[in-house]
Amino acid sequence: MTRVLVLYYSSYGHIETMAGAVAEGARSTGAEVTIKRVPETVPIEVADKAHFKLNQAAPVATVAELADYDAIIVGTGTRFGRMSSQMAVFLDQAGGLWARGALNGKVGGAFVSTGTQHGGQETTLFSIITNLMHFGMVIVGLPYSHQGQMSVDEIVGGAPYGATTVAGGDGSRQPSQIDLAGAFHQGEIVARTAAALVAARN
């Protein structure tokens, strides 16, 4: 059975919600799916004052376990057009896995959240994808078979590089059904691609 990890960092819950949809999409293929988050690096008292969502159900991941999965789909909110420092710190610790090629040939994908429509969605996706490519991973985005990203009738997330959502400057906008459908679709396609690669190797 194909093993998929949905690995995320979420300050306010938007990416946590998207991660659930990504996982549902991957599970729809019959894959074994695990959702985990990276450790919070902001001091708890500071995070609490900033109203971070600290009571998230997903367990905290370890770097060593990344090698146990056939696919890893990484999600985070943007920080000035790039991935959050929490996610960057976590991935930066994977040098040992990189050195021994432990992630070579595994499937990777990315999904993100920004405060505004033009707040760095694609550059944040690229910052994650670049990292995964250095690990030797095969990247799967969000193809236009997800028609929702073609809509101009409302604010929608989604790019060919990965699923996205727009949280609003004050965080009041939650992922829409179109955003969640994109996340589901990406999870499904990543899992199917990973299954095909595993079967080909066997």
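Glycine is treated like the rest: Cβ placed from N, Cα and C.
Bear in mind that the values here come from a model prediction, so they are computed numbers and not experimental data.
Under the heading domain 'Flavodoxin-like', Swiss-Prot lists 4-190.
Spatially close to Gly13 (FMN binding site) yet at least six residues away along the chain are Lys53, Gln56, judged by Cβ distances under 8 angstroms. The FMN binding site feature in Swiss-Prot is assigned to 10-15, 78-80, 113-119, His134; the stated evidence is sequence analysis.
In sequence order, His51, Phe52, Lys53, Gly77, Ala167, Gly171 make up the list of same-chain residues 6 or more apart from Tyr12 (NAD(+) binding site) whose Cβ falls under 8 Å from its Cβ. If you look up Swiss-Prot, you'll see Tyr12 marked as NAD(+) binding site, on the strength of sequence analysis.
Per Swiss-Prot, substrate binding site is recorded for Trp98, and the stated evidence type is sequence analysis. When secondary structure is read from DSSP and collapsed to three states, Trp98 (substrate binding site) falls in the helix class. A simple way to gauge crowding: the CB of Trp98 (substrate binding site) has 15 other CB atoms within 10 angstroms, across all the protein chains here.
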Task: For Thr78 (FMN binding site): intrachain residues, at least 6 apart, with Cβ closer than 8 Å - done: Ser84, Val112, Ser113, Thr114, Gly115, Gly119, Gly120, Gln121, Thr123, Thr124
- [ ] Provide the number of Cβ atoms within 10 Å of the Cβ of Gly119 (FMN binding site), excluding the reference atom itself.
- [x] 18
TODO: Using DSSP with the three-state reduction, classify Ser113 (FMN binding site) as helix, strand or coil.
DONE: strand
Open item on the list: For a quick check of understanding: among the binding-site residues Ser10, Ser113, Thr116, which residue's Cβ has the most other Cβ atoms within 10 Å?
Closed with: Ser113
